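**Q** Feature list, courtesy of TrEMBL:
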DOMAIN    106-260  domain 'Sodium/calcium exchanger membrane region'
DOMAIN    295-437  domain 'Sodium/calcium exchanger membrane region'
REGION    269-288  region 'Disordered'
TRANSMEM  83-100  transmembrane segment
TRANSMEM  106-123  transmembrane segment
TRANSMEM  135-157  transmembrane segment
TRANSMEM  169-193  transmembrane segment
TRANSMEM  205-227  transmembrane segment
TRANSMEM  239-258  transmembrane segment
TRANSMEM  296-314  transmembrane segment
TRANSMEM  326-351  transmembrane segment
TRANSMEM  363-386  transmembrane segment
TRANSMEM  392-413  transmembrane segment
TRANSMEM  420-439  transmembrane segment
Amino acid sequence: MDQKLQVAGTQSQLEMGSLAANESSHEFEDESLFSPESVIQKMQLGHISEYGSAPGGFQPGGSKMWKNVVYKSIKTVVFSNKLNVLIAFGPLTMLVHILTGHNGSVFLLSLLGIIPLAERLGYATEQLAMYTGPTVGGLLNATFGNATELIIAIYALRNGMIRVVQLSLLGSILSNMLLVLGCAFFCGGLVFYRKEQVFNKASAIVNSGLLLMAVMGLLFPAVLHFTHTEVHYGKSELALSRFSSCIMLGVYAAYLFFQLKSRKDPYIPLSEDESQNRENEGDNDETPEIGKWESVIWLLIMTAWISVLSEYLVDAIEGTSHAWNIPIAFIGVILLPIVGNAAEHAGAIMFAMKDKLDISLGVAIGSSTQISMFGIPFCVVVGWIMGKPMDLNFQLFETATLFITVIVVAFFLQEGSSNYFKGLMLILCYVIVAASFFVHEDPPPEEKSLTP
C-alpha cells in the first residue's frame with residue numbers, strides 16, 4: 001500500500017513538473033507574442049481589417065498596404081453606388097464649356113454631375129459622424145446636410161446674383177416640404193395601404209413653429225419695402241434683414257442645443273414600446289465602412305469638386321434662361337433644388353417604405369427648417385461680409401408662396417398620421433407651385449430702387 005502511494009506521488013510530481021515546463025514554454029511564447037513589434041503589427045492589421053484604414057498613430061509596413069487601403073476606400077465610396085455613374089458628367093461639363101461654350105448644355109451637364117456628389121457628401125458626413133458621437137455628429141449633419149445648396153448660393157452671391165440665391169434657397173424649402181415629403185407619404189402609404197402610418201407629432205409641431213418664424217422674418221422686410229414705410233429708404237430694409245438674420249441664427253443654435261442635449265432622439269415616437277426600441281437599437285448599431293480620416297479626405301474632395309461644378313452651373317444660368325426660353329425664377333426655384341435634394345428625396349422615400357416615417361419627416365421637414373433658419377440667414381451674413389446687399393425681401397409673390405406652403409404642410413402634420421392620399425395632395429401642390437413659377441416673370445432689379 002505504501003509503495004503504491006509512493007508511485008502515485010512520484011507520478012504526480014512528474015506530471016506537475018511537465019505542466020510547469022509547459023507553462024514556462026507558453027510564457028516564453030507569450031512573451032514573444034506580446035513583444036512591441038508583434039503587438040503593433042496585430043493592431044495595424046486588426047484596425048485595417050475592421051475599418052479599412054490604418055489609424056493615424058501607426059505606420060504600415062509597406063506601400064502595398066497603403067495601396068490596398070486606398071483601393072478599398074475608392075471601391076467603397078465611388079463604385080458602391082450606381083448613381084455615381086453620373087460623376088462622369090463633371091469632366092464632360094468642363095470639356096463642353098471649353099469646346100462649345102453652350103450655356104444650356106453646360107448647365108444640364110453640371111446639374112447632372114453635382115447630383116451624385118451631393119449624395120456622396122452626405123455619405124461621407126454620416127461615416128464621419130459614427131466616429132464623433134451623437135452631439136458632434138448632429139452638428140456635422142446640420143453643417144453639411146445642405147452644403148450643396150449653400151455652395152451654389154455663395155458662388156451666386158459672389159457674382160452678385162442675389163435673386164438666384166434667394167430663389168434657389170426658397171425652392172429648396174418648397175421642394176423638401178411638398179415634393180420630398182409628399183413622395184415619402186405617397187410611397188409609404190402605398191406599401192402600407194391598409195393602415196395609417198404615424199409619426200411623432202411633437203417634433204413636427206416644433207419644426208412647423210420654426211418654419212412660421214422664418215416666414216415672419218421674410219415677410220416683414222417685404223411688407224416694409226412694398227408699403228414704402230421705411231425710415232431710411234434702402235437702408236432700413238437691409239438693416240432689418242441683417243438684424244433678423246442674426247436672431248434667426250441664434251434661435252437655430254438654441255434649437256440644435258435643444259435637439260442634441262435636451263432630447264436623445266427627437267424622431268423616435270413617444271408611444272414606442274421597449275421591444276421596438278430594442279429592435280431599432282439593433283438596426284441602428286451600424287459599423288463605419290471607411291476610416292475617420294478617410295471620411296475627412298472624401299468630405300474635402302467632394303466639397304471641392306462640388307465647388308468647381310457650382311461655378312460652371314451659376315455662370316450658365318442666365319444663358320440657359322435665354323437658350324431654353326424659361327424664366328430664371330423657374331430655374332432657381334424648381335431646377336436647382338433638384339441637385340441638392342436628390343439624395344434626401346431618395347432617402348426619405350426609402351425610410352417611409354420601411355415604415356420609419358419619423359426619419360423621413362426629419363429628412364424633409366428638418367432640411368426645410370435648416371435652410372430657412374440657418375441657410376438663408378447665413379447667406380445674408382456672408383453677403384454682409386462680402387459687401388453685397390443680400391436681404392430677406394424675397395418679393396411678395398415668393399413670400400406668399402412660402403407662407404401658404406408652410407400653412408398647408410402644418411395642417412397635414414397636425415394629426416400625426418399619413419397616408420398615400422395626403423402624399424398625392426402634397427405632390428399636386430408642388431405641381432401647382434412649379435406651374436406658377438413657370439409663368440412668373442421676376443421683376444427687373446431697377447424696379448426695386450424706384451421710389452415715389
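Keep in mind that glycine also has a Cβ here, set from the backbone N, Cα and C atoms.
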**Q** So are the transmembrane segment (205-227) and the transmembrane segment (392-413) touching or not, going by 3+ C-beta pairs under 8 A with a sequence gap of 6 or more?
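**A** Yes; at least 3 Cβ pairs under 8 Å.
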**Q** For the transmembrane segment (296-314), find every same-chain residue at least 6 residues outside the stretch whose CB is under 8 Å from a CB in it, and list them.
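**A** Contacts with the transmembrane segment (296-314): 73, 77, 90, 93-94, 97, 106-107, 110-111, 113-114, 117-118, 120-121, 124-125, 128, 144, 147-148, 151-152, 155-156, 159, 161, 164, 290, 336, 339.
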**Q** Below 8 angstroms Cβ to Cβ, which residues of this chain, lying six or more residues outside the transmembrane segment (363-386), approach it?
**A** 142, 145-146, 149-150, 153-154, 157-158, 162, 165, 169, 172-173, 176-177, 180-181, 184, 204, 207-208, 210-211, 213-215, 217-218, 241-242, 244-246, 248-249, 251-252, 255, 341, 344, 347-348, 351, 392, 409, 413
**Q** With an 8 Å cut-off on Cβ pairs and a sequence gap of 6 or more, do the transmembrane segment (392-413) and the transmembrane segment (169-193) reach 3 or more such pairs?
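**A** With 3 or more qualifying Cβ pairs, these stretches touch.
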**Q** Are there residues at least six beyond either end of the transmembrane segment (326-351) with Cβ under 8 Å to its Cβ atoms? List them, or say none.
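**A** Long-range Cβ neighbours of the transmembrane segment (326-351): 111, 114-115, 118-119, 122, 146, 148-149, 152, 163-164, 166-168, 170-172, 174-176, 179-181, 183-184, 187-188, 313, 317-318, 320, 357, 359-360, 363-364, 367, 398, 433-434, 437-442.
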**Q** As a quick check of your reading of DSSP, tell me how many residues in the domain 'Sodium/calcium exchanger membrane region' (295-437) are helical, how many are strand and how many are coil.
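**A** Helix (H, G, I), strand (E, B), coil: 121 helix, 2 strand, 20 coil.
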